[in-house]
């Protein structure tokens with residue numbers, strides 16, 4: 001009978017281990033949730049060594065990073081993956097993916113420098129793989145993820161101009177990857193437009209927003225939510241370009257779609273945008289009527305209600321109804337004071353806007369106090385370094401304006417460092433701050449320091465605004481003043497002549513400025529043997545107002561206001 005019974009095959013110890021590993025791998029691969037993957041991975045740890053667990057560690061890290069709930073745990077698995085995979089020094093797609101996960105986890109933990117290091121290495125590896133002929137289908141999705149993460153990290157570090165380069169690369173990758181006029185390309189164009197709006201570069205933002213609108217209209221129709229969002233952003237861009245009629249037109253089209261879709265919160269924000277556009281057009285009563293209708297639909301203590309009162313105050317301020325303006329601003333401040341902990345960025349943005357209105361009413365002490373509250377909120381948020389710089393610059397300028405020169409200097413010095421890191425050393429805003437530092441040093445009888453600051457300011461403004469821009473000319477005038485204060489009359493006269501040449505290019509519209517420049521030149525020549533140059537006015541330039549928020553939905557319109565003498 002034994003010959004008729006099939007005996008079970010006896011597996012060797014090695015075969016049993018192979019089978020066990022195969023079953024454990026299958027269980028891990030079939031897991032769908034992070035919890036299931038973690039359980040399967042734990043079972044694998046007893047049968048596999050660390051090197052064999054490399055790819056499983058990477059897959060688990062990717063899953064945890066996708067869910068985004070536990071970046072520390074994500075990082076621990078990514079570290080294990082990197083140790084297992086990165087042993088021979090050869091570039092591979094799996095190593096690049098692991099580094100991308102590590103960069104993402106460190107970003108979530110606000111370890112921005114660490115994140116940048118991992119992402120830059122991932123980017124270099126992907127570049128080498130492309131050079132070696134690795135399949136673009138494998139490289140492109142990972143490269144897109146790395147570039148997008150680089151943009152996020154650089155935005156958080158305040159290096160916004162650099163981040164724009166990464167976002168442009170993201171768009172280029174999508175243009176290669178997706179079909180022409182696909183919805184993905186529409187969203188990518190709008191994302192890039194929003195990024196340009198965030199740095200107040202409305203001219204560059206416009207074509208990307210128009211492209212997004214064109215794609216979404218073609219793919220989704222005129223009445224889609226995506227088209228409404230595109231139009232709302234287009235309204236913001238036109239506002240930034242001071243084309244307020246076009247802005248209002250886009251806003252009204254957006255509102256119709258949002259109303260049809262029943263998107264009440266988006267609709268209310270669009271109405272607030274519309275009111276601000278009406279204010280820009282001088283339609284103050286219409287704006288107040290719009291806002292009165294909106295405020296009735298708001299929760300009593302909502303941040304949006306505070307923003308409505310700020311906009312009402314702006315309209316009233318333009319009508320010189322200052323008592324009513326202050327009442328509205330006080331209501332807004334009470335609401336915002338309750339939200340400082342939960343919504344610090346939004347509250348900081350609102351305080352900055354309120355301070356501008358007090359500044360308009362010549363209530364400088366109140367404006368400075370509010371800006372200091374803004375700064376206290378922003379200093380706790382490393383990703384808001386650019387906003388911190390802008391607010392410090394405004395505080396410094398207001399302190400100069402009110403004669404508190406020694407107090408102004410630390411704020412201006414802090415501002416220039418932060419804005420250089422955020423926008424680059426040649427950004428026009430950096431030039432304004434250097435000019436104001438020069439004015440401050442000259443007030444403190446430090447003409448050599450003043451001349452250094454004015455020279456840097458002039459160089460930046462000549463590049464960013466052009467040498468014939470009014471503010472560039474004022475920076476040159478200030479440089480002449482500084483050299484005069486040092487007794488370097490040959491240089492003072494040389495720069496004063498540059499001032500004259502620049503005003504002459506403006507024609508008859510600058511006759512008064514040209515006469516004054518000639519008077520100062522003659523004065524310098526007469527006093528070239530040691531006379532005082534204190535009659536020359538030093539100009540402190542207010543930094544153009546910019547939004548302190550990193551969000552791009554409602555940026556402030558940049559305004560270069562009339563120059564104010566600190567003498």
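Heads up, the Cβ atoms here are built off N, Cα and C, so glycines get one too.
A TrEMBL annotation is a machine prediction, not a hand-curated record.
What TrEMBL lists as compositional bias 'Polar residues' is 546-555. Per TrEMBL, the feature region 'Disordered' maps to 1-29, 526-567. Per TrEMBL, the feature repeat 'TPR' maps to 348-381.
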Contact set, same chain, for the repeat 'TPR' (348-381): CB under 8 Å, 6 or more residues outside the stretch: 303, 306-307, 310, 313-314, 317, 322, 325-326, 329, 332-333, 336, 340, 387-388, 391-392, 394-395, 398-399, 401-402, 545, 547-549, 556
Helix, strand and coil totals (DSSP H, G, I; E, B; other) for the repeat 'TPR' (348-381): 28 helix, 0 strand, 6 coil
Stretch-averaged pLDDT - the repeat 'TPR' (348-381): 94
